[in-house]
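**Student:** According to TrEMBL, the protein has these features:
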BINDING   126-133, 208-212, 272-275  GTP binding site
DOMAIN    293-306  domain 'SRP54-type proteins GTP-binding'
Amino acid sequence: MGLFDFFKKKEQTPEAQEALDKGLEKTKEGFFTKITKAVVGKSTVDEEVLDDLEEVLVTSDVGVTTTLKIIERIEDRVARDKYINTSELNGILREEIQELLAENNSNDFENFEYGNHKPYVIMVVGVNGVGKTTTIGKLAHKLKQAGNKVVLGAADTFRAAAVDQIKLWGERVGVRVVAQAMGSDPASVAFDTIQSAVANQEDVAIIDTAGRLHNKLALMNELTKIKNVMKKVVPGAPHEILLVLDASTGQNAIEQCKQFTQATDVNALALTKLDGTAKGGVVIGISDQFKIPVKYIGVGEGINDLQLFNKKEFVDSLFK
Ligand SMILES: Nc1nc2c(ncn2[C@@H]2O[C@H](COP(=O)(O)OP(=O)(O)OP(=O)(O)O)[C@@H](O)[C@H]2O)c(=O)[nH]1
Ligand SMILES: [Mg+2]
């Protein structure tokens, strides 16, 4: 199976489904406890229920913009169907969220066109601690399992431990890591990585970057420099600029998404740490608000805990 087949993969294995369901447990718990409270003693969906529902969505990190769209859709539905029983509310909410997400911009993974880039170059960006390096390790594992030759570039040279951490992932997964000493020029590491990927005929090159520098402007400038050096080796590279966001930070993740998408040409998102957070609703807000597809979700720290994001599957799991 090649790169393209991996990206085409759609069937959710029972194990992955279980990991997703389990990963969303806390989000579900918080969400449905609040909804149950909102409809207690009510038989039909009225103004008051809708007001409470709005609050439930906002406090579940769906975000104000997306919440208002969802409420508007439910209001329309109430106006159309006249009486909606509160027992139907969950089902209706699920349908409306799914339709809202389906209407938006981005396709899910299965429809992605990757072309025949070799090497396919992925540059991974995001603030410190969001899970960039871990996501790279997990992704490398998935790609390798699918039969691809993968190389990792340790272009986070800011922290001493960063180079060691990605090397460790390289060993775990069994893929090559290109690294230089701490403090060396990240753009030079990226250049070396891609040049050697070409020489070795590797299929995918994934470049790690620093999440923190002396200040934000320095970080953004450096990312631009790393990005620009890549196309000198492979025209069109990086093919993917993957922004990693920590879902457990809720609205901060939305804020980071705004900032990074303004500063760099992010064209894919990964949302990590969905397990262990009640803020999973942020995934709905992000997939609604940004014209950039959520491609991956992280549902644990383990090597297998990375999944392709599928809007319908995600919402189904949330409402299970
Ligand atoms: N529970 C959980 N933890 C995760 C997930 N993804 C990453 N982590 C953890 O988050 C922590 C930070 O992850 P890193 O991959 O080091 O983050 P980073 O973005 O590379 O951080 P910097 O290199 O400091 O910029 C680690 O302890 C990871 O194990 C996830 O999906 N679920
Ligand atoms: Mg890192």
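A Cβ is built for glycine as well, from the same backbone N, Cα and C atoms used for every other residue.
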**Student:** Reduce the DSSP letter at Thr209 (GTP binding site) to three states and note it down.
**Tutor:** strand
**Student:** In terms of Cβ proximity under 8 Å, which residues at least six beyond the ends of the domain 'SRP54-type proteins GTP-binding' (293-306) contact it?
**Tutor:** 15, 19-20, 22-23, 105-109, 112, 131, 134-135, 137-139, 141-142, 172-173, 242, 247, 268-275, 283, 286-287, 314
**Student:** Ranked by the number of other Cβ atoms within 10 Å of their own Cβ, which of the binding-site residues Lys132, Arg212 ranks first?
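**Tutor:** Ranked by Cβ atoms within 10 Å, first place goes to Lys132.
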**Student:** Among the binding-site residues listed here (Gly126, Gly129), identify the one with the smallest other-Cβ count within 10 Å.
**Tutor:** Gly129
**Student:** Neighbour count, 10 Å Cβ-Cβ cut-off, for Leu274 (GTP binding site): what number do you get?
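**Tutor:** Around Leu274 (GTP binding site), other Cβ atoms within 10 Å: 28.
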**Student:** Which of the three DSSP states, helix, strand or coil, fits Lys132 (GTP binding site)?
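**Tutor:** DSSP call for Lys132 (GTP binding site): helix.
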**Student:** I'd like the Cβ neighbour count for Thr209 (GTP binding site), meaning other Cβ atoms within 10 Å of its Cβ, all protein chains included.
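**Tutor:** Other Cβ atoms found within 10 Å: 28.
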**Student:** By DSSP assignment, list the helix, strand and coil residue numbers for the domain 'SRP54-type proteins GTP-binding' (293-306), in that order.
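**Tutor:** Residue counts for the domain 'SRP54-type proteins GTP-binding' (293-306) by secondary structure: 0 helix, 6 strand, 8 coil.
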**Student:** On average, what pLDDT score does this prediction assign to the domain 'SRP54-type proteins GTP-binding' (293-306)?
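**Tutor:** Mean pLDDT across the domain 'SRP54-type proteins GTP-binding' (293-306) comes out at 93.
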**Student:** Can you list which of the binding-site residues Gly126, Gly129, Lys132, Thr209, Arg212, Leu274 have their Cβ under 6 Å from some atom of ligand 2?
**Tutor:** Lys132
